[in-house]
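What follows is a short report on a single structure.
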Amino acid sequence: MSKDILNRYLFDNADVRGQIVQLEKSYQEILSAHTYPEAIARLLGELMAATSLLTATLKFDGDISVQVQGNGPVSLAVINGNNLQQLRGVARWEGEVAKDASLQQLMGQGHMVITLTPNNGERYQGVVALEKETLAECLEQYFLQSEQLPTAIRLFANGKQAAGMLLQVLPGEDEHNEEFEHLEQLTSTIKAEELFELEATEVLHRLYHQEEVRLFDPIEVTFSCTCSRERSGQALKTVAKEELDAILAEQGKIEMGCEYCNSSYSFDSIDIEALFKNAPKADTQQ
């Protein structure tokens, strides 16, 4: 089956919309940059599926960041993306992590931060505590807090594939929607293996074969890193040239690495001189 696809669907006889995302290649590309423990690889997969679903649900043109932060072994896990379903992500951790570690065991006390940066308009940030047992439940809580919309989310990842489903009452409709409750019960029966192995059309038929479902054109999800030599150079220009010269004197070059994709950009003394030519001097005062 085709992987790395987001499908949106709508129920003709209910004020409810849904999405299903299935990921493989893009998920593997995110994991390839680091050797992640199994539990963290699963967390990144769930976070990636969640970000794809959120991007399509919130309907905006611009960038999105979904991150979880905590005081546990994992201090940060983040997926960045945009409305074109181009995603990248990384996690930071210390120490040993059990294979079957739960969200709380990974993150400790923490919170989820969802940041939207539209191409046109004001930046928005929503925060929800990581007080639920699963990432999916935390996201459901986010929608209740920020959108006041009943939402059901299912997220799965196994280190090879990631997938998710989102079901939501349409904005402006009755929050106490019996049709939504019925469809939520049907959706809750989905198994990880079904989302990993079946086409979206088969999944929807298994879940909702007695409902009238309208499936929209699929949207491709890809791994895409926004790092570049130019951006690395711009970052170096925020450092005092004297500090860079000291590094060059000791090491002969400056390496700028991207933690998202493991790309590395090398700058020698000629490169640094060119960066600072005609540039204003950095303010080194604190």
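Quick reminder: no glycine exception, Cβ is built from N, Cα and C everywhere.
Here the structure is a predicted model, which means the values were calculated and not measured.
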Message = Let me make sure I read this right: Swiss-Prot says Cys261 forms a disulphide bond with another cysteine. Which one, out of Cys138, Cys258?
response = Cys258
Remark   = Whole-number Å distance separating the Cα atoms of Cys225 (disulfide bond) and Cys258 (disulfide bond) is 9
